[in-house]
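Please read through the structure below; I'll follow up with questions.
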Amino acid sequence: MSGNTYGKLFTVTTAGESHGPALVAIVDGCPPGLELSLDDLQRDLDRRKPGTSRHTTQRQEADEVEILSGVFEGRTTGCPIGLLIRNTDQKSKDYSAIKDLFRPAHADYTYHHKYGLRDYRGGGRSSARETAMRVAAGAIAKKYLATLGIQVRGYMSQLGPIEIPFKTWDSVEQNAFFSPDPDNVPELEAYMDQLRRDQDSVGAKITVVAEGVPPGLGEPIFDRLDAELAHALMSINAVKGVEIGAGFASVAQRGTEHRDELTPQGFLSNNAGGILGGISSGQPIVAHLALKPTSSITTPGRSIDVNGEAVDVITKGRHDPCVGIRATPIAEAMMAIVLLDHLLRHRAQNADVQVTTPVLGQL
């Protein structure tokens, strides 16, 4: 199966299925000498792992990562970094009833037509279980970016119809929703409790921000930084839309409002989301991603079987009623992977470029 590797100089390849024995990743291109420990990776994996609250799937996976190669005496060697996470809580029997059926809004139907067969257990390769390896790889990228003063972090900005105002980063790690507003957490909890009683699911919006990114990252035309970010973020399971900066709100803006004017003291706004002409401007890079409602719900849905006969499908098993609740670390990981890849590409081509024009921040 192609399409399992992302990046050009900093590359991430993942493999593994939801109910297989393990998930694996190969991270290649990480510069040598970076101090790296299991704790660096486990910290983000624990933020993503299932079963951490009543609002997520109750599948219990420790998601304990093993580093198989590429690290010696606590430092990266420059060789490929092999990573492994063992699956320990599969319940494949939950899916035996749907092995010949197609769940609505899942990848069952499309995988069947593409490959002629599919791993029906928990969605197989199409499951968001795969994103655990992205988070592990992204933790490596985040660690390297941090040595250059670049910080990547995210938060939930909307849960279903509830918009979440940004108040403080301090709140994000203090609740199960990654909400930046501590005051609205009870409302989010009540909404999810009712959703569970209704046996339904809901979507979410995640915002991810990179600060400290220098100007100059990104390539013209096809490898624009915003295009690469959209590619990476859209590759996350359940993501149906990506915005950079003001995004679709730009449609209603006038040019006098949308343009980010420059002054000697800094930019006056950041509607561009930190990217101009596909190249980073030095402002914070801001992206938003929309995740659809979970398709695995117990309410019967109309579908067909492999013979084309009409059936009603009820999805059993353990599922997230809102995949967006655990998506923040995944979005951070993908943004970090993109930024490190482009940082290394920029360094390879333009390391000798010197510009006397000052780097502007945002007022």
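Any Cβ shown, glycine's included, is placed from N, Cα and C.
Owing to the predicted nature of the structure, the values given are computational and were not obtained by experimental measurement.
Checked Swiss-Prot, it gives:
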- ARG48, ARG54: NADP(+) binding site (BINDING)
- ARG125, SER126, SER127, ASN237, ALA238, GLY277, LYS292, PRO293, THR294, SER295, SER296, ARG318: FMN binding site (BINDING)
With every protein chain in view, how many other Cβ atoms are within 10 Å of the Cβ of LYS292 (FMN binding site)?
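Its Cβ shell of radius 10 Å holds 17 other Cβ atoms.
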Looking at Cβ-Cβ distances, which residues of the chain lie under 8 angstroms from SER127 (FMN binding site) while being 6 or more apart from it?
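Sequence-distant Cβ neighbours: GLU17, SER18, ASN237.
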Provide, as an integer number of angstrom, the distance between the C-alpha atoms of SER296 (FMN binding site) and ARG48 (NADP(+) binding site).
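Roughly 19 Å, rounded to the nearest whole number.
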Rank the binding-site residues ARG48, ARG125 by the number of other Cβ atoms within 10 Å of each Cβ and report the first-ranked residue.
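Within the set of binding-site residues, the most crowded position is ARG48.
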